[in-house]
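K.L.:
Shown below is the structure under consideration.
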Amino acid sequence: MAYLRSSFVFFLLAFVTYTYAATFEVRNNCPYTVWAASTPIGGGRRLDRGQTWVINAPRGTKMARIWGRTNCNFDGDGRGSCQTGDCGGVLQCTGWGKPPNTLAEYALDQFSNLDFWDISLVDGFNIPMTFAPTNPSGGKCHAIHCTANINGECPGSLRVPGGCNNPCTTFGGQQYCCTQGPCGPTDLSRFFKQRCPDAYSYPQDDPTSTFTCPSGSTNYRVVFCPNGVTSPNFPLEMPSSDEEAK
């Protein structure tokens, strides 16, 4: 009987290890509430200052993203809206958020048994962010940051309430969105790259913006406002909300 119990425990631990390739710890250090979102797994969670949300991601998860929503109001059924990052007016996101929103993107257990991950500003910027492996292994497996005052310095043509749009979102077309083949940086995409060199500033900004870690042995942490401060042009106080059962 003891052998059976030991075998069952071993099987259970092996199953959990096999099922989940990585854990993502999402923390809000902003001096305001952030409604974190995660797709295709996780959904959404209200995070007041100092709160953390843990997401377990299965092997093979790809085209995944984590972002923060701001200035949200949800009712008891989880329906409402957000000023930035809104995902169809629901607390539990199943689709991508509406720009502008700073993105932590990842794909697990891909080529050569590597996780691929990045911070992207292709959908614009709303909240400062750090994205980091909790156990960095050197090379391209290290913390990356986008903590500049982008909202405060945003060009007038890209400025919107609560954030700063990417030129692809604002203007569209080949020049900014690379819709019909290769394209390069523009003056507007360089605005983002100069302030956040780790992050994607336009869709084909891969060489300096894609990071990798060994799959299955790396967990990650996403922190909103890692410095504990926010851009001057962003409101420090958000409207109260009655939504969400945590």
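Positions of Cβ are set from backbone N, Cα and C atoms, glycine also.
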K.L.:
The disulfide recorded in Swiss-Prot for Cys146 goes to which of Cys177, Cys178, Cys183, Cys196?
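P.N.:
Answer per Swiss-Prot: Cys196.
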K.L.:
Across all chains shown, how many C-beta atoms besides its own are within 10 angstroms of the C-beta of Cys154 (disulfide bond)?
P.N.:
21
K.L.:
Counting across all protein chains shown, how many other Cβ atoms sit within 10 Å of the Cβ of Cys213 (disulfide bond)?
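P.N.:
Neighbour count, Cβ to Cβ under the 10 Å cut-off: 26.
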K.L.:
Enumerate same-chain residues with a sequence separation of six or more from Cys93 (disulfide bond) and a Cβ-Cβ distance below 8 A; give 'none' if the list is empty.
P.N.:
Ala37, Ser38, Thr39, Gly42, Gly43, Gly44, Cys87
K.L.:
Using the alpha carbons only, what distance in Å do you get between Cys177 (disulfide bond) and Cys72 (disulfide bond) once rounded?
P.N.:
29
